[in-house]
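Just passing along the structure, written as structure tokens.
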């Protein structure tokens, strides 16, 4: 080998000496120049490689967009219900308790979909689980649209909740499994983008149809939510199945085909396939040993326990800091601040929707550049400040300061949802979809989604009652304290996962010091990579 290397060096040296410094522009390349370009095909090869790279990125982007359409359903329902409930209350003559149940039950019931989604996605595949989610939601939305009474409205709401539970759980898992490591953070944030887009569309729908009669307007608002399901139906015939699920089903050739479309080059695709096969082999060995996934989750190893603390904890903190109370009841908050006209209330909520949607785009641009943890710090600290500012403003500015009170309330609510969208909103789902090993990913992600939905439901179903007991500002003081605790949680229990493969992240949680330290030093990361390569027989 040394002789060949020396020979190559001499040849290259001779080439450099003999090749003229300047050439005529119309001259043909010499034989040696052709060798340097790989027998004249190097330029073509590079162009083909760049073309494939661009094509694979567009393909993955399209898959992430289509997979995220279910999230529009959740966002739209959250946004539209905040305004529709004003008219439902008057049309169907429901009580305040019924209003809380109607608003909050969707989050509670969605946990049934999330629990069922993990097992269903393992049985029939990730993408067809998304199809089931759309069908169930569409059925529920149709029932709500034509509901003649509160009881029928609740039936439709419960079905919609189950469909949303399926969709919320499976979309991030699918995107994480199909995305290359370098872009996984941004792409896995797409569901959160579409949730925000759905919320904004819900707010706009409220404002647009509020002028219709009280018996019709809320029905039209809810009916519009059926439309995204139509696009989801088309998407199922375009997007591929998850390569990791295909490997688990022994459909390796299909998995390779998908990876070749979603990775920059064939070598990277083969490397990813090898990693997936190694992880899948462990999964099959676990199944052969008849060790149930749920039993492992209930009696976790130290490494898995760390994953559960991080994943389940960040899911709960995302909701108990009060984001759904802010979104669902923003008209109520603005009413307490001093806005009385219904149209003006709905117009103010549109501003909230714009803030929430615009700042999720900031997160997408930064999540794979600055990392997950810095954005989480900015998010949780900013939310704490805004929640406290809202409560303080509602407490201090009373009669004679209505304009300041209203302006501060709108500013703090918009600021809170903006900081939420910059960090904990999307990163919560990114972390949950990437920290768990393949054999547990779907079920663990479902467990995290259950925690998220339960906390969301508890907040939504108790906000009006708690606010009546201790005032709206007192409720937001509590939210600000919880948000401050979330800052400490991020510091103690959330490691940085930027730029690491799913398999490297799994190894990261095996070491308590690296997990609790939150930041992985360069030497530690190199050691992890070397360990992984050694286990795969690459070194």
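Every residue, even glycine, has its Cβ placed from backbone N, Cα and C.
Just so you know, TrEMBL annotations never went through curation; they're auto-generated.
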Do you know which of 29-58, 59-88 TrEMBL annotates as transmembrane segment?
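Per TrEMBL, the stretch marked transmembrane segment is 59-88.
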May I ask you to indicate which of 96-119, 216-239 is given in TrEMBL as transmembrane segment?
216-239
Give the range, chosen from 409-432, 505-528, that TrEMBL lists as transmembrane segment.
409-432
Grab the same-chain neighbours of the transmembrane segment (476-494) for me: Cβ-Cβ under 8 Å, and only residues 6 or more beyond its ends, written as numbers and ranges.
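Distal contacts: 306, 309-310, 313-314, 317, 320-322, 325, 372-373, 376-377, 380-381, 383-384, 387-388, 390-391, 394, 424, 431, 515-516, 518.
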Under 8 angstroms, Cβ to Cβ: which one of 128-146, 182-204, 216-239, 444-464 has the largest number of such pairs with the transmembrane segment (409-432)?
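It is 182-204 that shares the most Cβ pairs under 8 Å with the transmembrane segment (409-432).
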What mean pLDDT does the predicted model reach across the coiled coil (252-286)?
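Within the coiled coil (252-286), the model's average pLDDT equals 77.
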Restricting to CB pairs under 8 Å, which listed stretch, 59-88, 158-176, 216-239, 345-367, 444-464, is in contact most with the transmembrane segment (182-204)?
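The stretch with the most close Cβ contacts to the transmembrane segment (182-204) is 59-88.
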Residues of the same chain, at least six outside the transmembrane segment (128-146), with any C-beta under 8 angstroms of its C-beta?
67, 69-70, 73, 113, 117, 120-121, 152-153, 155-167, 170-171, 174, 219, 222-223, 225-226, 228-229, 232-233, 235-236
Can you name the far-off residues of the same chain, 6+ from the ends of the transmembrane segment (216-239), with a Cβ under 8 Å from a Cβ of it?
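The answer is 62-63, 66-67, 69-70, 72-73, 76-77, 80, 83-84, 87-88, 91, 127-128, 130-131, 134-135, 137-138, 141-142, 144-146, 198, 201-202, 205-206, 209-210.
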